[in-house]
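Here's the structure we're looking at; comments come further down.
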Amino acid sequence: MSLGAADVGAGAGPPGQHAGAVDNWPVAIIGSGVVGADLMSRIGNGDGRLRVSAMVGTNPHCDGLARAAAAGISTSPGGVDGLLIMPEFANIRLVFDTTNPGARQSNWARLADTGVRMLDLTASAIGPCCVPAVNLDAQLDAPNLSMATCSAQAAVPIVAAVRRHGVVRYAEVVSAIASQALGPAERVTLDEFAELTTTAVQELGGARRAKTLTIVNPADPPMPMRTTVFCLVDQADEVARIEADVLAVVDGVQALLPGYRLKHRVQFERLGSGNTLYIPGTGEFGGTRITVLLEITAAGGYLPACAGNVAIVTSAAKATAEAIVEHHAQTVKAEL
């Protein structure tokens with residue numbers, strides 16, 4: 001892949017101190033593994049709102065640092081401490097943390113007082129949780145944003161769409177992710193990611209209760225990520241409108257990641273006498289079960305097609321960063 005050079009723009013001041021509206025922000029990526037490399041490729045050659053000025057990691061021999069260096073991007077194997085002493089850091093406006101749960105606290109601790117913004121792709125919950133298709137506008141001024149998990153990025157917009165038409169008494173999210181698309185760090189944090197997804201489905205999606213299941217799919221050749229979202233609602237009298245809203249949010253997420261799509265039409269099943277379900281912590285339920293089947297493919301970028309779990313988070317992070325830049329430009333313009 002070919003990425004253009006990302007040299008620092010002339011005349012840029014310290015982080016957070018630019019006097020005028022900024023059309024193109026220099027950013028840094030912490031973490032040179034698969035996630036960081038994919039994010040770098042999605043940002044591209046700097047002809048949009050973002051340009052990668054630095055990438056740092058801890059493995060000097062990893063592919064991500066080699067690709068960044070070949071693209072003219074400054075690199076360091078010194079991690080966040082290496083970033084802080086790079087000449088380019090003086091102009092960095094925003095940092096993406098793509099490392100792992102073990103490093104996320106220390107990375108933000110080192111950067112919190114520098115004035116840079118951070119988008120955390122490790123699902124750390126240090127900052128507010130962000131699903132750009134649902135709650136981006138409310139988070140644009142936060143110094144640290146935690147990108148929701150891959151399952152939450154896929155499912156929360158669906159639950160929120162159903163919630164517009166009534167109370168979602170229970171939502172269940174079942175994601176099957178290719179074994180080849182999960183690294184060692186992700187495998188040991190599956191339970192934590194499930195908890196974070198459940199919280200996002202409730203707090204951002206609006207479900208009263210929720211549950212998340214993650215299945216590691218060993219199929220070879222590997223399959224794309226597939227997420228099934230179940231919503232239990234008392235009534236679903238507006239079937240056509242619910243389906244239309246679900247289709248609209250799918251289109252919205254597709255704008256961020258073209259590989260996000262409905263696998264089948266939205267399904268509605270009436271549950272009644274002799275055909276009820278049990279909601280944990282609530283009891284017997286008779287109403288309507290809405291089922292949405294999604295497939296997430298890593299369209300474009302650095303990843304194989306099966307790694308939709310990574311692509312949906314890097315795509316969401318890129319879109320969030322671009323919105324932050326636009327929001328900052330509009331805010332500065334309004335103050336002039």
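Glycine is treated like the rest: Cβ placed from N, Cα and C.
For CYS150, the entry in Swiss-Prot reads active site, acyl-thioester intermediate, with the evidence type sequence analysis. Under the heading NAD(+) binding site, Swiss-Prot lists SER32, GLY33, VAL34, VAL35, ASN309.
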Between ASN309 (NAD(+) binding site) and CYS150 (active site, acyl-thioester intermediate): CA-CA distance (Å): 5
Under 8 Å by Cβ from VAL34 (NAD(+) binding site), same chain, sequence gap 6 or more: GLY64, GLY183, TYR302, LEU303, ALA307, VAL310
Chain-internal residues, separated by at least six, CB under 8 A from ASN309 (NAD(+) binding site): CYS150, SER151, SER175, ILE177, ALA178, ALA181, LEU182, MET225, ILE296
Nonlocal neighbours by CB distance (under 8 Å) for GLY33 (NAD(+) binding site), same chain, sequence gap 6 or more: GLY57, CYS62, GLY64, THR98, GLY183
Largest CA-to-CA spread of NAD(+) binders SER32, GLY33, VAL34, VAL35, ASN309, angstrom: 17
Around the Cβ of CYS150 (active site, acyl-thioester intermediate), the count of other Cβ atoms that are within 10 Å: 28
Close in space, distant in sequence - SER32 (NAD(+) binding site), Cβ under 8 Å, 6 or more apart: MET55, VAL56, GLY57, ASN59, CYS62, ASP63, GLY64, LEU65, ALA68, THR75
